[in-house]
Every structure is written in structure tokens, then in C-alpha cells.
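Copied from TrEMBL, the annotated features are:
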- B:213-429: domain 'BAAT/Acyl-CoA thioester hydrolase C-terminal' (DOMAIN)
- B:S242: active site, charge relay system (ACT_SITE)
- B:D337: active site, charge relay system (ACT_SITE)
- B:H372: active site, charge relay system (ACT_SITE)
Amino acid sequence: MMQQRHKMNMQVAVRRLGSAGGVLSVCHGPKIHTVLRRLSAKAQSPRPILSVAPIRALVDEKFKVSVENLPPAAPVTVHSLHQSEDQDCWEAYGHYISDHRGTVSVSEDLSFGGTYSGKEPMGLLWSMRPVPGSRFGLRLRKMDVCAPMLVNITVFSGHEGFREHAPLASVVTERWHVAPGVQRVEVTIEGMRGTLFIPPGLGAFPGVIDIWGGGGGLPEYRAALLASHGYATMALENFALDDLKGKNLDLNYFEMALDKLKNHPQVISDRVGVVGLSLGAIFLLYLTAESPTFKPQCCISICGSNILSNDGTLNGFYNSMFRNINKSRLDENNSLIWQDVGLEMLCDPTSLVDVGKINCPLLLVSGTDDQSWPTPKFADLMAQMMRSAGKEHLVTTLAYPDAGHLIEPPFSPHFRATAFKVGGNNKKVIMLWGGHTKPHADAQEDSWTKILTFLKQHLYSSH
Amino acid sequence: MEGKKRPVKLSVHPSRGLVDEKFTVLVQNVPPGFQLTVHALHQCEDGHSWHAFGHYTADSTGAVNVAEDLSLGGTYSGVEQMGLLWSLRPVPGSKPGLRLRKMNVQTPMEVTVSVFRGHQTEGFEDQGPLVSVVVERWYMAPGVCRIPVTEGGLTATLFLPSASGLFPGILDLWGGGGRLVEYRAALLASRGFASLALDYLTPKITLGTGDRVDTEYFETAYRVLQQHPQILSSRIAILGLSLGSCISFKLAVYSQVMKFRCAVCINGSHVQPPGESVQQTLRYIRFSKGDIKKFNFNEKNELSTRNLVLPIPTDPTRKVDVGRLRCPLLLVVSEDDQSWPAVESAIDMKQMMEQAGNSHLLTVLSYPNAGHLIEPPYSPHTRSSNFRTTVDIKSVVLKTLWGGETVDHSRAQEDAWRKILAFFRENLYGRGSALVSNL
């Protein structure tokens, strides 16, 4: 964890001295001061230099972590630590060996173990997991996107038991969701919340509507990041899965949001697309196919499905999706698997949207190890429907091997199972999302690049 | 709003950089062969506006990459990745004699980078750009601690690379303009060196009592570094520019209390009374460089004072005996320095050290067409500015010539900084070639 600041008038402080034998923790005052200085003179051998570049970056930018001035062929561990807004601590680390010049380059060298292995420039971020002793089922999400995520990168000597040693060097790096100058504006549509992120400058930009999944609430981080890439992006509050049941509301709120964005003075109205994850994608696919007024320039579905609401209400969606709720099962850890609940729907065309009615480019992203819903099969089915409608040229399917349901912006940690509200009485279960960490991280990195290219092609470049 | 044309895409990476980091400016989505101007605008702390711009032609994919493409004109030309920063100049109509310096290092310098249609040279403020982004340039890395220091009567600021860990230290001295200038010390801390920016000309004591500080003041500053629990007491260096450089020679050679592991001196001179006393040197400079009768104004009415310390005396009692130096010394010398005779002094120092047998400690970096004010990289070049020396309390503001030609001066700043950091790393982080033996 972060140490306290040392004060110039040398009040009592805790200090770790690295010396040949091990770790010395001292509280010092004036009496033992000269002893410390003599000791520190002996300990004044060459110090390692740790650098991270860029030290302030957007969350989807890569960094280069390197350590110099180590002894040659020295075993060291490079460690990352982050304290989340929920006060949980997350960490990752890799074991390295310095070269003949005493240098370790995380971008170039191999990690011989830790939370990641092999040549992984960004492993210190995507392989993060809660520190030992943390609560189970945690998820790392930045809710205040106007402040950066702070990550401590530290280098320790040794591999096994590296935590027992004093840190050799440490830096703090900032990871931002917003680029400088991006504006954040709170909006309300029919009493529902939205947040609009506008790129800097007075000009007009292509726009994006961004809708998350059935956890409810208003995560802003993907919208903030898209604005940092030049899209006026509106994140919309979505309904929690629980809230769908019994609600006779239709999806008019989303239609109004798209209209509002198109008519914003800083948005180019014929260059607005939509992106959704999970339940958000379900709504977007339904609206894009069925609504006469909901006409985005392009549509991105991340782990979505073409589920039909028979009466167009939220309750209708709920009934379609959970008709076969008895098919849910538990894994060996008692995590909830809903994959089979969705499988039944694939055979029943009356519960599915005919996406062949969609007339705009469609990008379908899914993970083949999605345990919460059979999204790769839905993606295949949707592609098939587009082909049958003669619109094969509009659809692109990306199915990532061994990735799970929660395909987030790149370098985010992977969550195979997390606490999730379900059951209508604020009860939380552990939902199995699936995926294995390394392939899931690859999927996040690759899909984000392709999402940005897709948006750029259809919202910046075309016509 | 309806758009008939394709919107232009502009990105700068990194969008938040340290001031010595390069950035990449990329323009995309314009028609192939499109003529455009990439423009930078910065409003400094004094409220003045500075700008720079380059003229480009988009390639066949409709893109311009400032790091790789040729600027055909503007405030810089050629392939100049960082031209938008180092060629910044006051906008037309500004007061003459301005200098760009960041005094509050806890906030970033903000630069608005924009793309304009066509090859424009003026009127940027009247037309809307096609697109803009904001770029931040920081002197302080995250985690760097800024600690004001007042103990022992000092007016100083200590920058620690981080709240925990052990670091070598640097005493950072600026020149005759006085004030507490923090940005270089902040940047050094961001690069791993605990650095103390010291105001020795206009500290609170001097402003209050009228008395000049003497050597004890610097000894107190040295002790602050030496005794700090996070600073390695045997790895303290001194860095000086201009008058700060002159004082660095003196302290590195004569001080019994201050043992520097190495010294970096930029554009100063060893010509001053020898011995420990800083006050003697200040008096000498007040009389030699303050000798109005010998002032030399050029056709633009700019004052050059380099001749006032020439010729370099042969008499050893009139200069610091650098033959007695025991630590590595890096001299950064601008060949068009119009304020101090840095070149002549460097040549003389080299001779003295060769005669004394310690010239293996000396490295001289000499830059043609560079001027006196060698600043961190990508800082705009100040060829002349309104300057009031605080060495003489009764001095007036004079348009002072520093020298240098912008392109060569900017290259010198970039090269010198890289070499200064490498020198500090080698001597303060590494095993070090010539050790100070008082451990």
C-alpha cells in the first residue's frame, strides 16, 4: 500500500532500508539519526531506475515499463497495485530476469510467472486481481471518470517471496478515461439519466449512444473513452434486469435519446451510431430492427442477442428471456450459469427479432466461453438472418475463443464471476460470466481496436 | 446539425505528457492532397497568447503525421515532431520582450492544437478551426511531492520523486533574475532525482533585511538535501545556469562542507574572485556586469553583456581554480551566448584542468548558434527579453540579448537535456567513475 509522506521537519516516520541481508523497518528520531546515515551510506549502492512511459495515459493506451541499473541477471518482480473507489486492492505481478546491462523491459522481456507469463506489455493491468484476503466476486469499474485511475508500479528483488523484500523503486502512473478538454454534461430524458461526453473544441462530431447491461445504473467509462476518440457519446442509464419484470414501459426512452443526440448542436445528425453490451445490446438490436424511428448509422452489439419482446414492453423482454429460467444451473462454486436459459430461445423464432430488417452496418462481438448467455450462437443466428435477407455485406461477426461475457475496454481485468443483483429483492448471486483471463484480455484489446475502426469507418469516413 | 463533409479527426499522443516527452500529432479523414495548417495555441500564466503553426499537405490516405511529414512553412519547417512547441512565439500584436516560464508547476501547461483549412499564416483567432484538441504538458509526474522549505531561513522548494524510496539529490540554481523558479527541479524529480530549487538572490531574508546571502545559505541548502531521510547523502549534485553556474564552480571547488558527486554548469564562467565567499562573487558581478559605461547595445537596442567579463584573465587569482576540482563536471556551452562568455570560459577551464591533471573529469558540450537560455526541451527559444537583474537591487528592466538562432537553439536544448540526464544517472545512480571520498 502507499506509504505516508515524509515531512521535512523529520517527525517520526516509518522507513524501509534495503540492505544486503534483508529488510530493516525503523521509526526514527534524532538519536539514531547518525546511525541511519552511516547505514544508508553503506546501502548507497547503485539504485535501480524504474520508468513508465507515458506516465499519464488514456486507459486504452499501452505503456512501456522498464527497470534499469539492476545487477545483471538479477531476478526481480514488477508489481502493480491499485486501490479502487470501493477501497478494494487489486494487484498483478510478473517475474523477470535482468539482462547483462541490468535492464528489464516489460514490453520486450518474458515474464516467468506471477499473475501473467510470457511477453505481455500490459499484463500488469489486465491480469490484476483482488489481493489475497479480499471479498469474493469483486468487479473493478471506474465510476468517477473525471479523475484518473492511479496505479502504483513497484519493482522488488526476487521471485518467490518477493513481498518480504523492500521495494527497489516505485512510481505512480495515471490511467484516464477522459482526454483533456472532454466535457461531461448530465442529461435527463423522460426522467431517466444520461451523461453526454463531448470532445473538446467548438465543432460538431459524430455521435454514439452507449448502453450497458442488466446491472442497471449508469457506468460512464466507455462513453468517456469514446469521446476521447472524437465521438460525442451519450451513456444511458439502463434498467436492471429485475426492473424489467412487470414494467409496461416501452423502449421509447432510448428512441428519444437517439433523437436528442442527433439534434444536439455539436453532433452531426447523420453520423450517429449505437453500441451496447448484453441487455443494452438486446434493446439496440430490437430497436434498430423494429422501430421505424430508431435509425443509427451503425450498430455494435457486444454479447447481445436478438430477443423479441412480444408486446414491445420491458416486461415482454423479461418474459421472453426467462421463460426457461428453470434451465439455469450452478457450477462447482455455486455460481449461477444462465447459458442454457438462452439456448432454448434459439429454436423458437417467435421469441427472436428478425435482424434481417436492419439496414445499417452491424458488428457482433461475443466470447465463446460466455457462460451467462449463449451469445456466440445468437451472433451466428443473426449473421444467418442477415445473409438470408441479402445483407451479408453489412454484418461482421467477431467470436473470441475463450472470452467471457464482460468484454470491456482493453487492459481492464477479467471477471469470470461477480456478484450480480437478481431476483427482485436486492439479492445478489455470483453470476458466472465465463472466459479465461489471457484469452479474455486479448479479446478486449482486439475488439476495442475493431470497434474503433468500425466506428471510424462508418461515422467519420463514409459518405 | 447536418454535415455534408467528412469531419476531420485529430489526435495527439500522449495527450498528457511530461514537458520533455515527445508527442505525435495525427490528422486523419481529410481529402487526399488537402492543404491544412496544424496550429498550437497557449495562454501563459501572465495572460499572453503564444502560437506556432506548420503547413502540411495530406497524403493519399487523407492523413498528416507531424512526426513524419514535412512542414512546408509556418513558424517551423521540415520534419519537426515537436515544432508546435519549440517554435511557439507571442501572437502578433503582443508586447515585445516576453519570455515563457511556468511558475506554478502543480498545474499543467495547456496547449490547444487545431487544424485549419489551407496554408494560413494569420487571422487564426477569427476563423473556426476544423477540429481542436487540448494537450497537457506537465513538469510534475504523478506521485512527485512538492515541499516548500523555509528552515534555516531558506526560500526553497524540494521536489521528491515519490513519497517513499531513496533518491540522489540535486541542488538547482538559476541565474541573475532571481525568484524561486521551480520547473527544472520539478522535472528532475519526475526523472528520479530529489531536487531543491533555491532562491538565493531574492529570498525572504534579502527582501526583508536587504542583506545578500553568503556561502552559509548554500551550506544550509546542501544540509537539507544531505539530512533528508529519503535522500542519499553521498549522491548530491549541483546544477547551475548562468550566475547559478558561476556559483556552482565556486562551491564545487572550494566548499569544505558541500561535497558534490558531480556538477552540471550551463553557460556560466569561472572568472570571479576565488575562494568560498559567494558574496564576493555577487559583488564582483554587480560591478563588472553592472558597469553601464561599458554596456553594448545593438541596432535593436538589445543589451549584450558577454564582453564585460572578457578577456579571460591569465592571473589565477581572478578565477576559480578548477584544477582543484575532484568531481565530474559537465559544461553545457552555447556558442552564441550573448550574456556570458561561456565559450571562452570553457576553453580556459579546459586548459587549467589539463595543466592540473584533472581534465579527465571534464566533458564539454558546445552548441553552435545556441543562446544563453538553455531550458528544458521544447521550451520556446528566447533570443532577447525584458530582464531586470536582481544582483543589483537598483537595476532597471533592460531589453537583454541572450542570443541563439531558434532551430539550432531548440536542438541544443533537446540534446543537452538528454545528456544532462544521462550524466546525472551515470554519476548519481550508477557506480560513478570518480568518487568523492568522504564516506
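Every residue gets a Cβ built from N, Cα and C, even glycine.
Unlike curated entries, TrEMBL annotations are predicted automatically.
B:S242 (active site, charge relay system) falls within neither a helix nor a strand when secondary structure is assigned with DSSP, and so counts as coil.
Counted within 10 Å of its Cβ, the other Cβ atoms near B:D337 (active site, charge relay system) come to 28, all protein chains included. Looking at B:D337 (active site, charge relay system) and B:H372 (active site, charge relay system), their Cα atoms lie 4 Å from each other. With the fewest other C-beta atoms within 10 Å around its C-beta, B:S242 stands out among the active-site residues B:S242, B:H372. Straight-line distance linking the Cα atoms of B:H372 (active site, charge relay system) and B:S242 (active site, charge relay system), rounded to a whole number, equals 8 Å.
Model confidence over the domain 'BAAT/Acyl-CoA thioester hydrolase C-terminal' (B:213-429) stands at 95, taken as the mean pLDDT rounded to a whole number.
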